[in-house]
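Novice: Below: one structure in structure tokens.
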Amino acid sequence: MYQDKILVRQLGLQPYEPISQAMHEFTDTRDDSTLDEIWLVEHYPVFTQGQAGKAEHILMPGDIPVIQSDRGGQVTYHGPGQQVMYVLLNLKRRKLGVRELVTLLEQTVVNTLAELGIEAHPRADAPGVYVGEKKICSLGLRIRRGCSFHGLALNVNMDLSPFLRINPCGYAGMEMAKISQWKPEATTNNIAPRLLENILALLNNPDFEYITA
């Protein structure tokens, strides 16, 4: 019988492409008995272009590589100091629709930021989480065979300047924010556990096993 348990992998700082490839392989080979997984990772500097991404939104990438991704959404930036959380969930088994998963991920971030005294909100016209008009978390998913992969990227204490080289998520002039603007002591090390606790709460507190790379 299937046990509701999630494997949580803390992967540290990693290049984007091998992690993306591993996500695909996991999703392609999983079956109904495979445990769901959540991967916590930071990436070396990279722009990723979503499936519907338009080249004109990449203004001047310079020395930062641009990699095509099959997630939803437009171009975004990943770099050290940004907490990425990939959600490898069997949606059918969890009785979750895609829209419900998006809402759950946004609420995970809103709840995490609320614990820090930062008031944040999602936007109906542009997926992600915002503080005022500034975007603090990007979101992009792919569903294959009823299972999700990709996830969210929360700006913690990263260098935001590379976002100026693109139209983030396809919005010209979109301003970005990071947690350390309000909480200078914030790091991915102290934000990741909060993020994990909040998503597990919204998934009805399944058992989980923590695995470090």
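Glycine is treated like the rest: Cβ placed from N, Cα and C.
Predicted, not measured: the structure shown is a model, and the values here were computed from it.
Dumping what Swiss-Prot says about this protein:
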{"type": "ACT_SITE", "residues": "Cys169", "note": "active site, acyl-thioester intermediate"}
{"type": "BINDING", "residues": "Arg71, Gly72, Gly73, Gln74, Val75, Thr76, Tyr77, His78, Ser138, Leu139, Gly140, Gly151, Leu152, Ala153", "note": "substrate binding site"}
{"type": "DOMAIN", "residues": "32-207", "note": "domain 'BPL/LPL catalytic'"}
{"type": "SITE", "residues": "Lys135", "note": "site 'Lowers pKa of active site Cys'"}
Novice: Around the C-beta of Gly140 (substrate binding site), how many further C-beta atoms are within 10 angstroms, looking at every protein chain?
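Specialist: There are 22 such Cβ atoms around Gly140 (substrate binding site).
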Novice: Secondary structure at Leu152 (substrate binding site) (DSSP, helix/strand/coil)?
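Specialist: Looking at the DSSP assignment, Leu152 (substrate binding site) belongs to a strand.
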Novice: Give the three-state DSSP assignment (helix, strand or coil) for Cys169 (active site, acyl-thioester intermediate).
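Specialist: In the DSSP reduction, Cys169 (active site, acyl-thioester intermediate) maps to helix.
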Novice: So for Lys135 (site 'Lowers pKa of active site Cys'), how many other CB atoms are inside 10 Å of its CB?
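Specialist: Its Cβ shell of radius 10 Å holds 23 other Cβ atoms.
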Novice: Distance check, please: Cα of Gly140 (substrate binding site) against Cα of the residue listed as 'active site, acyl-thioester intermediate', rounded to an integer number of angstrom.
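Specialist: Answer for this pair: 10 Å between alpha carbons.
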